[in-house]
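Engineer: One structure coming up, written as structure tokens, with questions to follow.
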Amino acid sequence: MQKGQEIAASDGDKGPEQHAIEVGHVEPADGKGEDIQKERVAVAEEVQKKSKRVAALDAFRGLTIVIMILVDDGGGAYERIDHSPWNGCTLADFVMPFFLFIVGVAIAFALKRVPHIGAAVKKIAIRTLKMLFWGVLLQGGYSHAPDDLSYGVDMKKIRWCGILQRIALVYFVVALIEAFTTKVRPTTVRSGPYAIFDAYRWQWLGGLIAFVIYIVTTFSLYVPDWSFVYHNDGDVNDGKQFTVQCGVRASLDQACNAVGYVDRQVWGINHLYTQPVWIRSKDCTFSSPNMGPLRADAPAWCLAPFEPEGLLSSISAIMSGTIGIHYGHVLIHFKTHKERLKHWLLMGFSLLVLGIILHFTKAIPINKQLYSFSYVCFTGGAAGIVLSAFYILIDVWGLRTPFLFLEWIGMNAMLVFVLGAQGILAAFVNGWYYESPDSSLVHWIVKHVFVNVWHSQRLGTLLYVIFCEIVFWGVAAGVLHKLGIYWKL
């Protein structure tokens, strides 16, 4: 960690920046007969006043981290907030697109000026590689935190994809487009409802290319029959080989979609996520959307691996970053609250409605696992609306205090993600146990302070997540902020 530096968890040079909106140089008045020193002080105060950081951005990032912790550690007790088994959208399904959205916003600020393209590309490439490294380390199978205290992964089964890997890809593509188009970007945007879209047409062209690649591949690629061997020690089906019959095109169901087929071909079936959420779908269990025993007539694909952060779906995810960078461009060029909010909210509600229409007409269902276009629109619109709400509450109305803990978490997003959301700190604490690994301080607190007191495993688990994880990390991030300590990637 670097003191006085700011984390770059997944975005530009400033990470969870203390974003400043530059509104131009303020020229001093003609100073004849006036005190030059007073004039300089007045100018400095004016510049400082107009360069106030937009706190809503940190709060938005912090909210995303909080939701991730809540659904990851509380979703097992309340599975309705966990990822949707297939079509649909739950609280957990907002996390990834919200991350990518705020990454895009941050890139707009980090690359607002690019003096040397070569140096900028080098920084982008290095940061991308760092995120890929941390992604594979945390989610590739090497770390078994927080409950399993062992480490190591069989390279024949390592998982190459994950949250940080997807963020890295989106960041790399969106940031490169922003860097290479620096000479054709305007310093000011002319008036008109579509002027800002025209000014940054290359960014939208990048998003359009990602959209075309995804749509054409999804609806034209032929998916043949495929097979897999199920591995789960102690399970009655362990070691059995299953065959999934497909032979179709343009399928959006669990078994035969192009998203899964591309990942099986590119990464290999042994390198995919082995616990997909579709096992909670109605086709697999009568307990849906909760986890339950497999149905006797459950299809073979219920036990198959599937990569929720795969290659083709990550190409679609570039569109979430494109929407985010557009919101950042609006924040840079539009100088009044009214102008910014008008554009943000209009676009946010338009995307939201478009996603809903596509879903309920069954043209393209909202689906996080496939990262469908309707899912991009729905979650992108929701992100824009949430950011607008934070902007109104915090930066316009000045109601900052209630959201300070979100700001603090947002400023140290990478640290909280690694130590908190990925369970590294909990694993460290669990490593100090008495007689058996399930007799650690964490297990004792969960059992005696929450579960036994409230006489409920579900409620006790939820309260533990709220008070011992979310509140704890809010306080810890606040202390680190006061000390000027941030984790920079």
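First residue shown is number 1, and so on along the chain.
Cβ coordinates come from backbone N, Cα and C, glycine included.
Curation plays no part in TrEMBL annotations; they are all automatic predictions.
Remember, predicted model here, so these are calculated numbers, not experimental data.
Residues or ranges marked as compositional bias 'Basic and acidic residues' by TrEMBL: 11-33. Taken from TrEMBL, the feature domain 'Heparan-alpha-glucosaminide N-acetyltransferase catalytic' covers 53-180. Residues annotated as region 'Disordered' in TrEMBL: 1-33. The transmembrane segment feature in TrEMBL is assigned to 54-71, 91-112, 124-143, 163-181, 202-223, 311-332, 344-361, 373-394, 415-434, 461-480.
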Engineer: When DSSP states are grouped into helix, strand and coil, how many residues of the domain 'Heparan-alpha-glucosaminide N-acetyltransferase catalytic' (53-180) land in each?
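Structural biologist: DSSP classes over the domain 'Heparan-alpha-glucosaminide N-acetyltransferase catalytic' (53-180) add up to 81 helix, 5 strand, 42 coil.
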Engineer: What stretch in 202-223, 311-332, 373-394, 415-434 has the biggest tally of Cβ pairs under 8 Å against the transmembrane segment (344-361)?
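Structural biologist: Between the candidates 202-223, 311-332, 373-394, 415-434, the best contact partner of the transmembrane segment (344-361) is 373-394.
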Engineer: How about long-range neighbours of the transmembrane segment (202-223): same chain, 6 or more residues beyond its ends, C-beta under 8 Å?
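Structural biologist: Contacts of the transmembrane segment (202-223) (Cβ under 8 Å, skipping residues fewer than 6 from its ends): 173-174, 177-178, 181, 184, 246-252, 256-262, 312-313, 315-316, 318-319, 322-323, 325-326, 329, 370-371, 373.
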